[in-house]
Amino acid sequence: MKNKECVAMLLAGGQGTRLKSLTKQIAKPAVYFGGKYRIIDFPLSNCTNSGIDTVGVLTQYEPLILNDYIGIGDTWDLDRKYGGVSVLPPFMQAEGGGWYTGTANAIYRNLKFLNQYEPEHVLVLSGDHIYKMDYGAMLDYHKGSGADATISVIEVPWDDASRFGIMNTDGEGRITEFDEKPANPKSNLASMGVYIFRWDVLKQYLIEDAEKENSSHDFGKDIIPALLYDYKKLMAYTFEGYWKDVGTIDSLWEANMDLLKREPELDLNDSKWRIYSKNPNQPPQYIAPTAHVRNALINEGCRIKGSVDTSIIFYGVHVDESSVVKDSVIMPDVKIGKNVKIHRAIISKGSVIEDGAVIGDPSPDSEITLVADEGSVLATSYATNS
Amino acid sequence: MDRIAGIINLDHEQDMLDELTYFRCGAAVPFGGRYRMIDFAISNMTNSRIESVAVFARRKYRSLMDHLEQGKAWDLDRKRGGLFILPPDWNDPTDISRGDLQHFHNNIDFINRTLANYIVVSGSQHICNINYQDVLQEHKSSGADVTVIYKKVDELYPEHQRAHKLDVDENNRVTAIHNDHSNKNVYMDMYIIEKDLLYNLIEKCIAHGCSHFFLDGIKAQLPEINIHAYEYHGGHALVNSVESYYRNSAKLLNPEEHDELFKDDAPVFTKIKNEAPSNYTVTSNVSNTMVANGCVIEGHVEDSILFRGVKVAEGAVIKNSIIMQRCEIDSNAVLENVILDKDCNISNGKTLIGAPEKPYVVAKRRTM
């Protein structure tokens, strides 16, 4: 078989502990976003739209839903005869095995997977971010500059720069220094966790890193610094557009609310750059005569009889009469009874909100309420066949 | 184990939906916000564990083929069986068959080769949610040669005039099939029959120069063959005219009627379009309306159905209308009792008003 020019490796094993009980039973990349999607739909759709047809998805934490969701990859047109999507969990070998101990270790342990395609370049992605990006354009830049590695960066506000991994560059965009969360940042170019490596270079560094006992086997902490130490050519590729880490309840809520702005930076209706997602086969949504809907994204299978304002409603949600949903994210199959008030909340999949419940604090800067635990007074777990 | 194969026979279906069937057959007409008429017939088969489905297409099937693709949306992209779209391309010089028997004759391999021992034949005009496994059980226990499916309608509408009606005795045996306009037992263009018997009846029909398999091969054989009647009790709509299309579409806005057709355990499948959720802006005002995904609504919509990707600008008013895929309604346009086919553009300030019993139909891709 012909070798592949570029193979993507998507790190999807993260637990996402800062998403609290939303990720109690699912991996972070499987978390819902935007009324229809899971986070992983974004990098996978970006791959397909960028012409990258071979993707390894590295899973570890709570992989059941992610495995089922990815399937053979047909959702993203990644069911290919040669290549396509492969789910790569940790595995045992004759000499032993065990969990992936870091992001670099996860790739190192799948050298065989990569070797079978003999790629020239490897694209490393994470399953934590919401963005639309043409990896093909980044690959062109990477090849054109003759870099050993190219790291995608985005300009962040200077005040926020100390929260990110910051790349310091020379006038030509060559990375001279990498500062992880610097107290006094020298640049505002933050790493997006999107890397392209020449495979021969990456392979050598992964093998060397694997032998270092004190390494944490992490791209940011070990591989990138080692490449810089050896004066390898690392280039920064500046991405312009919407990019958001949805690692916390607040940022997940904010990213959802960003979609409701008058001209949202992230256009989900762009037919040239579709975000693909598994389809739940539900009938169209129904807006009842008693409903008031304004400034909302609503998906199929919903039945809205109450008021929905500035909210994101996933598929199969029912909002009964005289209920108010405002500034909130309602995940799939949530059933909201009558006279319920929900403000500034994220309600997780399948919750049942009983009549008269009051959830969340309407005051503008209040904390976002998360309803995800089973058996709470206001919300009880909803069994789909009950 | 009994297995059922399906045939969707579109051969005798007339394209009676005026502008909506100028460019497509009735089976390919969009219905219910995100579906095509044929989705209901095929989904019923998928939900009844039918894994082999043939579609007898006669004319204007380009849109139908585009929609059905390889049958993936209905889980019919199978190694064994699957979906067969069979247009009329026949080159048998010894062929003497006529009418829909041309289809049965020239596609006899589908019937011969299937592993199924029963065949369900259905049209596309009767929208319903039926399980053919239930029909098969009743068929077998009745000992009949053929089981036909009917709906006892509460009220007869003009569209029922073109449907056949059944006289049924106390044992649910069919005693007559006719066009009596006062009979409420509406035959739903669906029957189940054992494969071998179907094969024999086809041969017999062709030898006798018949041109309509159901009328000549089954109806005309009464009472020599034993026909059992299966009464279907669920939601039903017969769509064979613009008026019936419009009235039955509006029925979907009633949650009870809606739930009779759309069930969690027997979903209606259709081609996936990967549209984003629909966007209701701050200026939108939507009431009693069914909305598919990918719409952007800034204006006023009531008692209507919006298909996927419809844009309604601020100040536009839509009432009692059906707006198909990707139509764009500019600001201050007024639409009432209108059916817009796909890709229409209604420009700023334009007013289109139809009669409640006779909607104004705009053909595909018009700009007004």
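The backbone N, Cα and C atoms fix where each Cβ goes, glycine too.
As recorded in TrEMBL, the features of this protein are as follows:
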DOMAIN    A:8-261  domain 'Nucleotidyl transferase'
BINDING   A:Y100, A:G165, A:E180, A:K181, A:S191  alpha-D-glucose 1-phosphate binding site
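Between the two most distant C-alpha atoms of the annotated alpha-D-glucose 1-phosphate binders (A:Y100, A:G165, A:E180, A:K181, A:S191) there are 24 Å.
Take the binding-site residues A:Y100, A:E180: by the count of other Cβ atoms within 10 Å of each Cβ, the lowest one is A:E180. Neighbour density for A:K181 (alpha-D-glucose 1-phosphate binding site): within 10 A of its CB lie 11 other CB atoms from the protein chains shown.
When Cβ atoms from all protein chains are considered, those within 10 Å of A:S191 (alpha-D-glucose 1-phosphate binding site) total 22, not counting its own.
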